[in-house]
Amino acid sequence: MNGATEESGAPARTEGKFTALAVCWVLGLGSLVSWNSMLTISDYYYQLFPHYHPSRVLTLVYQPFAFGTIAILAYHEAKIDTRRRNIRGYSLFFISTLLLIVLDLVTSGKGGIGPYIALCVIVGSFGVADAFVQGGMVGDLSLMCPEFIQSFMAGLAASGALTSGLRLITKAAFEDFHSGLRKGTILFLAISAAFEFLCVILYAIVFPKIPLVKFYRKKAASEGSKTVSSDLAAAGIQIQSNQEDKTELLGKKQLFQKNADYLFGVFLIYVLTLSIFPGFLYENTGEHQLGSWYPLVLIAMYNVWDLVGRYVPLINWLKLESRKGLLIAILSRFLLIPAFYFTAKYGDQGWMILLVSFLGLSNGHLTVCVFTAAPKGYKAPEQNALGNLLVIFLVGGIFTGVSLDWLWIIGNGSF
């Protein structure tokens with residue numbers, strides 16, 4: 001029986017929606033919680049490797065692996081089993097996070113070039129895992145309802161807010177202990193590993209069996225999508241191949257041409273954000289009353305407001321749906337570059353906190369607006385392909401932004 005019509009009634013379209021939204025949120029959190037943990041514990045790595053610019057270098061190491069892997073996977077996305085892709089990605093996140101703990105225990109929390117190289121190798125594996133998970137999840141959720149993408153994107157931001165909050169708590173809890181910073185870091189990484197393991201379980205066992213998720217995947221299969229077959233099989237559903245929709249689908253080149261403004265828009269969002277966050281906030285904001293807490297507070301404010309920004313589009317009159325309006329808003333954010341430069345040079349910490357908050361708010365808001373608007377009106381295989389393209393441009397924007405971030409060092413004569 002064709003699964004697309006088997007449960008076409010109204011109950012199948014709503015049953016399990018809130019469960020699916022919650023799972024999407026946790027899966028979004030797991031997609032970045034390990035990497036955000038790395039960014040948030042940069043104060044520990046600055047203590048171990050004070051001369052190696054860990055915040056900037058580790059981010060720069062991460063991005064080529066993420067970008068190269070997502071480019072390969074996106075090219076072959078129509079033939080890749082999404083279930084295996086995502087499970088492998090979350091599993092790699094889990095293993096890599098455990099390896100960070102092992103590395104610290106084996107080296108007894110000591111610095112040096114050897115441990116730093118090993119750290120960079122683990123960070124590279126985070127980049128590969130990110131490419132597996134973000135492209136796979138965004139492609140998968142793009143063929144479902146926009147609320148799933150919004151919830152997943154909110155989970156991505158929540159990972160930053162959660163890690164920042166946990167970092168502040170562990171720093172305060174262990175600050176007066178011997179090797180307190182190290183103990184807090186190990187606890188922090190153990191919590192992150194637990195979240196990654198939870199994501200493996202949720203995606204592999206819980207998510208495929210949610211009625212609404214099954215409905216969208218059966219619909220996708222009826223439209224010619226082959227990427228959902230394993231997830232449907234995991235839910236006990238078989239789709240007859242001879243019942244697939246034979247309608248001609250748009251190729252990647254055509255999708256690129258029709259959505260160039262969305263793709264370059266998301267690229268520019270992250271070029272701007274990552275040219276400031278996190279390297280500039282750690283190394284170029286000067287000394288202030290908050291002392292060693294100052295960069296942690298800035299990172300936390302960015303993450304909290306990024307999370308808030310991803311819920312703003314749920315308010316209809318605040319959601320940007322005009323393609324022209326989105327592009328104008330994205331380009332306007334580049335005014336933040338001179339604003340950050342002069343605030344770091346002449347302003348106090350209050351103005352810097354305000355700017356960082358706006359950076360996060362606008363980043364989250366515009367990201368959700370682009371990712372929920374772009375897939376509308378396409379068939380499931382096209383939505384999956386477009387979701388992967390969007391992630392390529394997002395990761396490309398991050399890579400470019402991280403590279404441009406080094407200009408802050410050059411401009412301040414830090415070498």
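Here the Cβ of each residue, glycine as well, is placed from N, Cα and C on the backbone.
Automated prediction, rather than curation, is the source of TrEMBL annotations.
From a predicted model like this one, the values you see are computed outputs, not experimental measurements.
Taken from TrEMBL, the feature transmembrane segment covers 18-37, 57-75, 87-107, 113-133, 154-174, 186-207, 262-281, 293-313, 325-344, 350-374, 386-409.
Long-range contacts of the transmembrane segment (186-207) within the same chain: residues 20, 23, 26-27, 29-31, 33-34, 37, 40-41, 83, 86-87, 90-91, 93-94, 97-98, 100-101, 104-105, 163, 166-167, 170, 174, 213, 231, 234, each at least 6 residues beyond the stretch ends and with a Cβ under 8 Å from a Cβ of the stretch.
Comparing 57-75, 113-133, 154-174, 293-313, 350-374 for CB pairs under 8 angstroms to the transmembrane segment (262-281), the maximum falls on 350-374. The transmembrane segment (154-174) shares more Cβ pairs under 8 Å with 293-313 than with any other stretch in the list 113-133, 293-313, 350-374.
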